[in-house]
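*Asks:* Feature table excerpt (TrEMBL):
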{"type": "DOMAIN", "residues": "B:15-499", "note": "domain 'Cytochrome oxidase subunit I profile'"}
{"type": "TRANSMEM", "residues": "B:29-49", "note": "transmembrane segment"}
{"type": "TRANSMEM", "residues": "B:69-96", "note": "transmembrane segment"}
{"type": "TRANSMEM", "residues": "B:108-129", "note": "transmembrane segment"}
{"type": "TRANSMEM", "residues": "B:149-168", "note": "transmembrane segment"}
{"type": "TRANSMEM", "residues": "B:188-210", "note": "transmembrane segment"}
{"type": "TRANSMEM", "residues": "B:230-255", "note": "transmembrane segment"}
{"type": "TRANSMEM", "residues": "B:267-285", "note": "transmembrane segment"}
{"type": "TRANSMEM", "residues": "B:297-322", "note": "transmembrane segment"}
{"type": "TRANSMEM", "residues": "B:389-410", "note": "transmembrane segment"}
{"type": "TRANSMEM", "residues": "B:422-444", "note": "transmembrane segment"}
{"type": "TRANSMEM", "residues": "B:476-501", "note": "transmembrane segment"}
{"type": "TRANSMEM", "residues": "B:546-569", "note": "transmembrane segment"}
Amino acid sequence: MTPFDEAFHASAERHERAFIVCVIVMMALLTVATMFYVVHDFGLVTTTQSFHSDPTAAEREVAAADTGRVVKTGPNSYAVHITGKAWRWTPGVIHVPEGAEVTFYVTSSDVLHGFEIQGTPVNLTAVPGVVGTVKYTFHRTGVFRIICNEYCGMMHHAMIGQVIVDARAAE
Amino acid sequence: MSGRAFTPGPVVYPVETDEGWRPERRMMLLFLIAGFCALLIGASIGPLQALNYDGVNAYPALRSIFHTYYQGLTVHGVLNGYVFTFFVTCGLLVYLPARELGQRPSMALWGACFGLMAVGALSLIYAMFDNSSSVLWTFYPPLKGSPFFYLGMTILTLGSVQPLPVLLKMRAAWKRAHPGCVTPLVTYMSLVTMLMWALAGVGALSELILQLDPWSLGLIGTIDPMINRTLFWLTGHPIVYFWLMPAYISWYGLLSRQAGGKLASDPMARMTFALLLIFSLPVGSHHQFSDPGFSQIWRAILVVLTMSVAIPSIITAFTLGLSLEYAGRMRGGSGLVGWFRALPWSDPSVAAQVLGALTFILGGATGIVNGSWELDAIVHNTTFVPGHFHVTVGSVTAMTFMGLAFWMIPHLTGRKLISRRIALFSVWTWFVGMSIFAIGMQWAGLYGLPRRAWVSALPHDTYHALYGVAATPTTLIAVGGVILWVATYSFFLVFFGTLLFGRRADRPAVPFAQALSGPVSHETGVAIPVATGHGASVLANRLEHVWALVGLTAVATVAAYVPILWPFLHNVTHSPGWVLW
Ligand code: HEM
Ligand SMILES: [Cu+2]
Ligand SMILES: [Cu+2]
């Protein structure tokens, strides 16, 4: 090794060690920040309501739970049951009040679909035979689009539903 | 900055003196050509998809080739993601170690690798072009393609693990000839990559062989979507390392030499590969953060593992940067950025790899976004995700392989590149186009633009109502796509032009890099054996025990997947298949 090589190598080793320490600290901090959401669950994390061996049973369960209507489950909470089937969401239009906690129960009766509400972090895979749930509170009135974001065939791009958030009637 | 002049022009590679490798060179050339033919088809389709997102629907005009956008997308994903990368990698990871060790590979096994992959690829191509299998490259059931698709995929994957026994045999023979010596670096990295891939392949192969093949043949009636999706991602995550590790091999093993310098740290290169082996297997289900059926605890563990797998890549960035800095300073560059300017930018092979590495800054950073589960909720299955992986596999891997082709074709055929200028032009346009494209895709994803969606087929008003807000980023997507078309065809002009019309010239030797520290040295293109315990670092010695690493990885993978699969195995859904295109 030339003197330049020696000097370069020595300095490289020092920097390398410092760099690795920095990387590990950074990733640890990121991990801790992410973990915060495990402890403090905002409801957005997909959870599982039930499993079924018959892929249409989940649809029936959801239907029995009154598909097409938004069910009031508490003073300021609502449940919505939704099924994806190529290529539409049932119900296709949902009205929910502003500021209420809405729990979505989502399943599919044929292939995989993706339940994405544009402009929100709601993002859940609709799987035949499995009912998944997420919770979300809409703080803004207006029309939100439900976009299927898991490929489901020829008209996948046209599988669009709507969540309409209504202003609260003055109480 | 400083007035000191630096050495201009490319680094001159030593001339190949060993003329005894004819069959190996030919086989390597076959792998290279097959891989790049797949890329030619795949990359020709890519810009059509980019235009789609800007509302331009080219597919009605292409009806004689593609019935739907989704058929074209299946071809793009399968040919680029699997066929291109597998062929180049399976050639390279045998050829480079063979030359490094000076050991003959088993031509029968290596040839079988090529044969199997060729049969698999042709079967896939048949099934995709007859529109029987527009299931996309992830082929999630219960969408149901034709048996030619699944059988082709099975055979292609089986073929892609064949380099492992070839490598093991060569390494064993070399070790017998040099008892007590450390495996030379490029061979070590290739071996770890293939071990990783062979372990990873268990997921997709068991999905295919136990479920999808018999299902598509009508031997079993129904299928469970979650089990198969989970098995797919057991392979589907490590595959991204099967895309990246060959590029890292080129960066660690060759690029520093091509740039006129030395590899900064040999033991660190080995450690990076060992970490990639261990961490890439157990984390596959981080692609399922949005799926039901996962306990919160497991999601949390997956986040930790995912963050850990970023560490070796960040170390690679550091070591690569150091090696390039050394090269730049050896060439007379000085100051804070002078060394970077002093790199041999006029060598298209160096330019391709360094520019590819630069895009990885964006690719790696956005990968960390995907890996953080609550951020993932915002971007999951939006165009953010393909935006992310086009600045990993679409730039790091594709550009490094393009760079490899620029020295390898002259090396293998004894023909000079027909035009260094066009080669450089293709590399720069790819870099610029891919960066613009990826930024557009990621930005558009934040508006909820879904991936894998033929949005240009929507009625005009609907498209604008839904995605009009993303007009600026979707324009970037289209612009990037068109630039990439130019890049693709100028690259292939050089590629095929050189193969057919290149002038005869001396063959450059394989540019194996020497390490600044650590056990490996290549004075003449063949590794000089370094005995363990003499000059070999402690770390390199420890990492020689590859089977221990494999065992550790296997245990970690089983530990991760048993709890994940448990609820699915106890709640099997019997889904019939659907053909919906
Ligand atoms: C010529 C430049 C390229 C362009 C313009 C391009 C464009 C695109 C676009 C727009 C998508 C998203 C399509 C969608 O989600 O609907 C896509 C998907 C994809 N691309 Fe590329 N691409 C290019 C090159 C590559 C390369 C070089 C690779 C890999 C080596 C690659 C691998 C993939 C894969 C695996 C997918 C995912 C397909 C899927 O979601 O099913 N692409 N590409
Ligand atoms: Cu869909
Ligand atoms: Cu992954």
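Just so you know, glycine gets a Cβ as well, placed from its N, Cα and C.
All annotation found in TrEMBL is predicted automatically rather than curated by experts.
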*Asks:* Near the transmembrane segment (B:69-96), which residues from the same chain, at least 6 beyond its ends, have a CB less than 8 A from one of its CBs?
*Replies:* 24, 27-28, 30-32, 34-36, 38-39, 41-43, 45-46, 48-49, 52, 59, 62, 105, 110, 113-114, 117, 121, 124-125, 128-129, 131, 133-138, 153, 156, 159-160, 162-163, 166-167, 186-187, 190, 193-194, 239, 242-243, 246, 249, 253, 393-394, 397-398, 401, 404, 452, 454, 456-457, 510, 581
*Asks:* Kindly say whether the transmembrane segment (B:230-255) and the transmembrane segment (B:29-49) touch, using the definition of 3 or more Cβ pairs under 8 Å where each pair is 6 or more positions apart.
*Replies:* no
*Asks:* Who are the chain neighbours of the transmembrane segment (B:267-285) in space, where the CB to CB distance is under 8 Å and they lie at least 6 residues beyond its ends?
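*Replies:* Contacts with the transmembrane segment (B:267-285): 185, 188-189, 192-193, 195-196, 199-200, 203, 230, 233-238, 240-241, 245, 248, 252-253, 294, 298, 302, 305-306, 308-309, 311-313, 315-316, 319, 517-519, 537, 539-540, 543, 549-550, 552-554, 556-557, 559-561, 564.
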*Asks:* Taking the transmembrane segment (B:389-410) as reference, which of B:108-129, B:188-210, B:422-444 has the most Cβ pairs under 8 angstroms?
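*Replies:* Between the candidates B:108-129, B:188-210, B:422-444, the best contact partner of the transmembrane segment (B:389-410) is B:422-444.
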*Asks:* Out of B:29-49, B:108-129, B:188-210, B:422-444, B:476-501, which stretch touches the transmembrane segment (B:546-569) the most, going by CB pairs under 8 Å?
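*Replies:* So the stretch in question is B:188-210.
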*Asks:* Any contact between the transmembrane segment (B:476-501) and the transmembrane segment (B:149-168)? By contact I mean 3+ C-beta pairs closer than 8 Å, pairs at least 6 apart along the chain.
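*Replies:* The transmembrane segment (B:149-168) and the transmembrane segment (B:476-501): touching, no.
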*Asks:* Can you work out the mean pLDDT of the predicted model over the domain 'Cytochrome oxidase subunit I profile' (B:15-499)?
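*Replies:* Summing pLDDT over the domain 'Cytochrome oxidase subunit I profile' (B:15-499) and dividing by its length gives 92.
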*Asks:* In the same chain, which residue numbers or ranges, 6 or more beyond the ends of the transmembrane segment (B:188-210), come under 8 angstroms Cβ to Cβ?
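*Replies:* Tertiary neighbours of the transmembrane segment (B:188-210) are 89, 92-94, 96-97, 150, 153-154, 157-158, 160-161, 163-164, 167-168, 171, 182, 228, 231-239, 241-242, 245-246, 248-249, 252-253, 269-270, 273-274, 276-277, 280-281, 284, 543, 546, 549-550, 553-554, 557.
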*Asks:* Apart from its near flanks, which chain residues at least 6 from the ends of the transmembrane segment (B:29-49) lie with a Cβ under 8 angstroms of it?
*Replies:* 58-59, 62, 69, 72-73, 75-76, 79-80, 83-88, 90-92, 95, 114, 117-118, 121, 398, 401, 405, 408-409, 412-413, 481-482, 484-485, 488, 492, 495, 499
